[in-house]
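Chemist: Taken from TrEMBL, the feature transmembrane segment applies to 12-32, 98-117, 137-164, 185-212, 327-348, 368-391, 403-424, 451-475, 481-502, 546-568, 574-592, 742-766.
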Amino acid sequence: MAAILPDLATQVLVPAAAVVGIAFAVVQWVLVSKVKMTAERRGGEGSPGAAAGKDGASEYLIEEEEGLNEHNVVEKCSEIQHAISEGATSFLFTEYKYVGLFMGIFAVLIFLFLGSVEGFSTKSQPCHYSKDRMCKPALANAIFSTVAFVLGAVTSLVSGFLGMKIATYANARTTLEARKGVGKAFITAFRSGAVMGFLLAASGLVVLYIAINLFGIYYGDDWEGLFEAITGYGLGGSSMALFGRVGGGIYTKAADVGADLVGKVERNIPEDDPRNPAVIADNVGDNVGDIAGMGSDLFGSYAESSCAALVVASISSFGINHEFTPMLYPLLISSVGIIACLITTLFATDFFEIKAVDEIEPALKKQLIISTVVMTVGIALVSWLGLPYSFTIFNFGAQKTVYNWQLFLCVAVGLWAGLIIGFVTEYYTSNAYSPVQDVADSCRTGAATNVIFGLALGYKSVIIPIFAIAFSIFLSFSLAAMYGVAVAALGMLSTIATGLAIDAYGPISDNAGGIAEMAGMSHRIRERTDALDAAGNTTAAIGKGFAIGSAALVSLALFGAFVSRAAISTVDVLTPKVFIGLIVGAMLPYWFSAMTMKSVGSAALKMVEEVRRQFNSIPGLMEGTTKPDYATCVKISTDASIKEMIPPGALVMLSPLIVGIFFGVETLSGLLAGALVSGVQIAISASNTGGAWDNAKKYIEAGASEHARTLGPKGSDCHKAAVIGDTIGDPLKDTSGPSLNILIKLMAVESLVFAPFFATHGGILFKWF
């Protein structure tokens with residue numbers, strides 16, 4: 001029995017959903033741009049309450065009440081915004097030059113390795129899975145895989161760049177809106193995040209869809225070859241994300257650590273004080289690391305989970321019988337996801353208005369819940385309309401009969417596991433709950449106990465997410481083999497537009513607070529932006545939880561596809577070939593973390609020395625009569641991150657190639673399993689430890705509860721201990737932790753792309769024994 005949805009409807013539905021996503025992003029951007037960056041004369045003679053908002057509340061500015069010069073404030077904000085935007089753009093262009101060079105070299109490697117599988121022959125070959133049919137030559141696979149790689153890489157870079165541009169456009173506008181109230185500022189920051197979320201989800205979908213259709217013109221009925229070539233798209237997306245995440249992470253944390261240690265701990269000046277020479281570099285870093293890096297990272301996850309699902313589907317009944325609609329089931333899920341997220345976003349921006357500071361975090365949490373519930377209904381519809389009632393799925397050489405309701409359960413379990421991981425992350429990193437309050441309390445006895453408590457919290461926070469991931473793997477694999485795991489990962493990423501909106505909201509609010517401080521706005525505005533930022537910190541941790549959870553499922557699905565493609569019947573841990581791979585693979589995340597942590601440390605060292613030099617040698621800097629030299633600090637961060645991102649990137653990209661060529665596919669399968677198992681644990685604990693230390697510091701600074709006030713105020717010994725914890729946590733939560741999820745995905749997708757070469761020519765060393 002065929003699917004209810006006709007092929008023509010699928011051909012229309014997927015691009016239509018992408019167009020709707022892009023249009024929605026444009027609308028949100030237009031709404032954000034209505035916030036003017038020029039001082040306006042207000043009704044009457046600047047009388048408070050001249051302009052009435054849509055809820056009838058008067059829009060008067062705090063400046064009017066406190067008699068500050070509004071014109072100067074706006075001008076300063078505009079100036080600072082321009083400096084941040086310029087710094088971020090110049091860094092990304094420098095980074096992309098190096099990354100572009102790497103992209104060219106790696107594209108040539110893909111072509112040479114895959115082309116040599118059949119000795120660059122142009123004759124048709126028997127198919128890998130159905131030997132009785134003829135497939136396109138390996139040379140065609142090499143050419144199309146290379147094209148897909150470049151497409152994925154360019155889409156990933158453009159996504160990151162656009163996200164950064166939107167964030168730097170919106171940060172000062174959020175600051176200016178904070179003068180009218182916390183609700184206005186929240187909507188501006190959230191809308192800007194939504195622009196990035198929807199642009200990325202829609203562009204990722206539409207580029208993949210166009211690639212499938214264009215490649216299909218050449219491949220015709222050879223769907224096995226077509227979808228094998230498409231895997232290059234995932235490889236391109238993730239390899240760029242790796243450099244974006246590592247480079248951006250080193251940049252942002254070198255500046256952050258340098259600014260905090262000298263400014264807060266030694267000089268006792270507030271965060272984002274304009275006298276601090278590293279303050280512009282710190283704010284630039286939020287955009288290149290947390291926005292551009294995160295955007296590329298989640299795009300990579302999305303591209304890979306789609307590719308993993310499509311590869312397995314192409315050798316199942318969907319591909320063998322050329323059923324177009326069921327074959328594009330992964331893309332249909334993403335299309336419905338865009339619509340579900342669109343409905344969800346309206347709840348935050350239009351249906352409900354935030355009136356008080358304590359409503360911010362619940363509003364963001366509601367976004368996660370609403371999108372998950374709406375998406376569950378969407379998945380049920382797609383599974384009913386887009387799939388036949390029963391079909392077969394490739395399961396390591398055999399075909400397993402599966403029903404459409406079973407696939408619905410696979411996607412739904414991934415979706416809800418993502419929500420659980422999100423909420424557990426929130427529990428361990430938000431200062432509204434006891435774990436972070438305990439960490440803050442431990443600062444009474446100094447930095448050492450703070451570090452001990454923070455590490456313990458991070459290790460403990462791994463437990464529930466791992467059970468959630470384990471349960472979803474078991475259920476989805478039992479129901480639909482590796483295809484089930486791949487669509488479970490897609491389920492977790494199906495609400496990517498909302499996830500990214502919530503995630504990008506954090507750095508935008510952080511920047512807004514920094515701009516308020518630098519422009520010399522009143523403490524009440526700073527309180528509002530701090531509240532937005534604290535909520536953003538927690539949501540950023542939730543976003544990282546999602547990214548790590550989905551990375552675990554994605555890499556397992558890719559691992560399954562690799563094992564099938566490399567014709568390995570079983571991965572037996574007891575054979576020495578596999579076990580050596582396993583133990584080395586488990587070590588790689590540690591090696592990678594060591595590299596990234598040390599990079600942040602050495603870059604921060606240079607930054608601290610420069611900031612100290614300026615404080616000591618520039619007369620009038622502490623008094624605020626002269627300006628610091630911001631440009632030198634920006635240059636230190638840029639140079640350090642470009643130089644330091646190459647070794648960790650090379651480690652991840654070369655490991656599968658070296659192991660595959662010299663030790664063969666069995667050792668490589670062990671390597672992938674080891675890296676997956678240890679990488680997930682370190683990534684979750686590192687992200688949550690760092691997030692908890694950051695929010696423990698903010699808990700003491702805000703002094704919102706009786707307990708917090710006994711630990712504060714800013715500048716107390718307790719607070720200094722908390723700042724040290726926060727500084728140690730910075731590279732954990734923003735460099736090593738988030739980059740690890742790319743490590744496990746990237747090694748798996750790279751192995752899958754090169755699998756034909758490894759299976760034919762790999763294992764040189766073992767052939768001699």
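Note: Cβ is positioned from N, Cα and C throughout, glycine not excepted.
I'd like these features described in context: how deep, what's nearby, how far apart.
Modeler: Sequence-distant neighbours of the transmembrane segment (12-32) (same chain, 6+ residues past either end, Cβ-Cβ under 8 Å): 5, 166, 169-170, 173, 188, 191-192, 194-199, 201-203, 205-206, 209, 328, 331-332, 334-336, 338-339, 342, 345, 349, 497.
Sequence-distant contacts of the transmembrane segment (98-117) (same chain, at least 6 residues past either end, Cβ-Cβ under 8 Å): 138-139, 141-143, 145-146, 149-150, 153, 157, 232, 235-236, 239-240, 243-244, 642, 646, 649, 653, 753-754, 756-757, 760-761.
Cβ atoms under 8 Å from those of the transmembrane segment (368-391) belong to residues 1-5, 10, 316-318, 323, 325-326, 328-329, 332-333, 336-337, 339-341, 343-344, 347, 401-405, 407-408, 411-412, 415-416, 418-419, 422-423, 491, 494-495, 498-499, 502, 542 of the same chain, restricted to positions at least 6 beyond its ends.
The list of residues near the transmembrane segment (403-424) in space but at least 6 beyond its ends in sequence, with Cβ under 8 angstroms from a Cβ of it, reads 329, 333, 365, 368-369, 372, 375-376, 379-380, 383-384, 387-391, 461, 464-465, 468-469, 471-472, 475-476, 479-480, 483-485, 487-495, 542, 545-546, 548-550, 553.
For the transmembrane segment (451-475), the list of distant contacts is 409-410, 413-414, 417, 420-421, 424-425, 428-429, 435-436, 438-439, 442, 484-485, 488, 545, 548-549, 552-553, 556, 680-681, 684-686, 688-690, 692-693, 696, 724-725, 728-729, 732: same-chain residues at least six beyond its ends, Cβ to Cβ under 8 Å.
If one looks beyond the transmembrane segment (574-592) by at least 6 residues along the same chain, the residues whose Cβ comes under 8 Å of a Cβ in the stretch are 648, 651-652, 655, 659, 663-664, 666-679, 682-683, 736, 739-740, 743-744, 747, 766.
Counting same-chain residues at least six beyond the ends of the transmembrane segment (742-766), those with a Cβ under 8 angstroms from any Cβ of the stretch are 110, 113-114, 116-117, 128, 138, 141, 145, 149, 228, 231-232, 234-235, 238-239, 241-242, 245, 297, 300-301, 304, 307-308, 311, 551-552, 554-556, 558-559, 561-562, 565-567, 577, 588-589, 592, 652-653, 655-657, 660-668, 671-672, 675-676, 679-680.
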Chemist: Would you confirm whether the transmembrane segment (481-502) and the transmembrane segment (185-212) meet the contact rule of 3 or more C-beta pairs below 8 angstroms, pairs 6 or more apart in sequence?
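Modeler: Judged by the Cβ rule, the two regions touch, with the required three close pairs present.
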